[in-house]
Amino acid sequence: MSATPADASQGGSIDHVLTEDRLFPPSAEFTKNAVISTQDQYEQLYAAARDTPDDFWRDQANEHLHWFEPFSEVCQWEAPDAKWFVGGKTNACYNCVDAHVEAGRGDKTAIIWEGEPGDKRTLSYRELQTEVAKCAEAYQQLGVGLGDVVSIYMPMTPELAIAMLACARIGAIHSVIFAGFSAESIADRNNDASAKLMITSDGLNRRGKVLPLKQTVDEALDKSTTVEKCLVLRRTGGDDTPMTEGRDVWWHDVVDTQPGVLPATPLESETPLFILYTSGSTGKPKGILHTTAGYNLWARRTFEWVFDHRDDDIYWCTADCGWITGHSYIVYGPMTAGATCLMYEGAPNHPAEDRFWDLVEKYKVTILYTAPTAVRAFIKWGDEHVDKHDLSSLRLLGSVGEGINPEAWMWYHEKIGGGKCPIVDTWWQTETGGIMMSPLPGITPTKPGSCTKPLPGVIPKIVDEIGNEVDSEHGGKLCISQPWPGMLRGIWGDPKRFVDQYFSDVPGQYLTGDNARRDSDGYYWIMGRIDDVINVSGHRLSTIEVESALVSHPDVCEAAVVGRPDDLKGQAIAAFVTTTNREVNDEFLKELKQHVRKQIGALAQPDDIRFTSALPKTRSGKIMRRLLRDVAAGRELAGDTSTLEDLASIASLQEKD
Ligand code: 6R9
């Protein structure tokens, strides 16, 4: 059987070639104290959310959010439009901050912050309440109110979280733009969202250097037609920050001088909370819209279930607030749950490669949530940086953003978790608002590389190209067949793209854009993006499985595989590999091909292997296979590259052609 490359992205079932049979049950001690501690408890929650969703979510919302006015209806669903907790009034900022002060927990530490240069700050929930109220008062003074969009382009400082929460306090909509994007990207996002206020800082500390954020913002504002004011935080100092009279104001002048008493506004449940731009595989970035009550509840409950949160935890999510992970698991989830969050401003390798472990030791972090790309970097940097530190405070580890290759999982488990911490491999998306599939650390035996089972309220389906469910042996397109409170409510200003992208394939179901399979234990394995499937002689292979086979070789650090056109096979497998220290030669190349063949069979053996010093990644750390496809096929780079971290790595790959 042969296939053309075009077939590769059309869906259908996928061959599964990598077998993983290691199983890691949680320790009896972890289970004993866990929030969800028996399989029965999970099954009851899961069945209730599936079979009687209105009753289930009514109780959840009443118990876990504050309501200024009760809702009258739990969910109105007419695909693709969902409305949750209709008629009710709540406020996400109130739930994150004021609720704890009201309940007598105002002295609890909300944020422990450390800047890259080593400066430190902690904020209790009470202090956070005052800061957030001041910021909201400043917004009002600057003419920002309900429904106005505020663009935030800031370093990872407490003021970034404060700026987000202050929007929520008055019903303004934040659009956080990762502080690494270009002026062009900022302007596009400002214009698409009709942003009224822009918030930034003079500069940002990165690996000991100061990046002049305000200069970039000035360039962006020249092309942003709707922004009226720009609020500037002094972070890095110096006298050379350009300020435009009448437009730009300093944070210390307009925020710090406010009384800090403004209460949270009661807001309709479906009031827009934020827009977050995410790059589509082609075309311009999409502004994913989330609204207040449903998102807030989903962020809170998923945080509590998955991270087994307890009052004395020191929780650290290493993401930047510029990504959904920072929104849901630095700000809205943990803060609604009243957690103590560590927030770190800088790079993981400044001043040295042990910065993260220094932070874990110093602050006695108990829960660490990071990304596979970081784990692979730590492996490459060497165990000696980890060995210097006492990581015994850790009790739970999390992973998000990409599939974690089983060998990286094992290193994370042994080296960071000391063999005792459960790992929660959390699968979700900007669009889903919060975690959808993940182990529950007290009850789920984990398998390296699997995100295991769906959370209560998540009904996954694996379908072929015409929407029929496929049998569990084979992978297919992953859909979600019931609405859940945290789901996106639209693409800002583009209702047609919203339907086309997420709801047109299988009527009434949300199409995730990922492929997955379910094993005989009911565990889910994410197989990568639908567009990334490789079709070799009619066999559809998942990128992650071939990559994981490569990464399991001791001298391979990271791997990305893509299909390239091949006259005979339809597609051939091209692999891009970074190595630890080994010299690159023909012998190594042969050994690697042999290794993959042994691990997963001849079919998946790469035809080409290219060694490179770095893989092209999005700024949030995901491997950009789309660009590598072009490189492998010798094509010009196409599509949107605005989220690309390292164009230089692409350039060096092309030079080798
Ligand atoms: C939270 C986040 C979403 C895409 C998603 C999938 C990939 C995320 C994953 C994972 C395998 C995991 N992804 N977590 N793949 N295992 N645990 O990353 O959101 O930036 O929107 O990306 O990331 O492909 O569809 P977002």
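Using the three backbone atoms N, Cα and C, a Cβ is placed for every residue, glycine included.
The shown structure was predicted, so the numbers you read here are calculated from the model rather than taken from an experiment.
Listed features, source TrEMBL:
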BINDING   Arg206, Arg207, Gly208, Lys209, Thr325, Asn349, Ser537, Arg597  CoA binding site
BINDING   Gly401, Glu402, Gly403, Asp425, Thr426, Trp427, Trp428, Gln429, Thr430, Asp514, Arg529, Arg540  ATP binding site
BINDING   Val551, His553, Val556  Mg(2+) binding site
DOMAIN    42-96  domain 'Acetyl-coenzyme A synthetase N-terminal'
DOMAIN    103-492  domain 'AMP-dependent synthetase/ligase'
DOMAIN    545-622  domain 'AMP-binding enzyme C-terminal'
MOD_RES   Lys622  N6-acetyllysine
Reported in the order helix, strand, coil, what are the DSSP residue counts of the domain 'AMP-binding enzyme C-terminal' (545-622)?
-> 25 helix, 27 strand, 26 coil
Take the Cβ of Arg206 (CoA binding site) and count every other Cβ within 10 Å, whichever protein chain it belongs to.
-> 16
Whole-number Å distance between the CA of Arg207 (CoA binding site) and the CA of the residue listed as 'N6-acetyllysine'?
-> 21
Could you tell me which of the binding-site residues Arg206, Lys209, Asn349, Ser537, Val556 have their C-beta within a distance under 6 angstroms of some atom of ligand 1?
-> none
Recorded positions Lys209, Asn349, Ser537, Val551, Lys622 vs Thr426 (ATP binding site), shortest C-alpha separation belongs to Lys622
Arg529 (ATP binding site) and Ser537 (CoA binding site), Cα-Cα, nearest whole angstrom = 20
Counting only residues outside Val551, His553, Val556 in the same chain, those with C-beta within 8 angstroms of the Mg(2+) site's C-beta centroid are Glu407, Ala549, Leu550, Ser552, Pro554, Asp555, Cys557, Ala559, Val577, Leu592, His595
Looking at the binding-site residues Thr325, Asn349, Thr426, Thr430, which one has the fewest other Cβ atoms within 10 Å of its own Cβ?
-> Asn349
Looking only at the domain 'AMP-dependent synthetase/ligase' (103-492), what is the mean pLDDT?
-> 96
Of all the recorded positions here, Arg597, Lys622, which one's CB has the most other CB atoms within 10 A?
-> Lys622
Counting by DSSP, what is the helix, strand and coil composition of the domain 'Acetyl-coenzyme A synthetase N-terminal' (42-96)?
-> 27 helix, 15 strand, 13 coil
Between the C-alpha atoms of the residue listed as 'N6-acetyllysine' and Asn349 (CoA binding site), the distance in angstrom, to the nearest integer, is 19
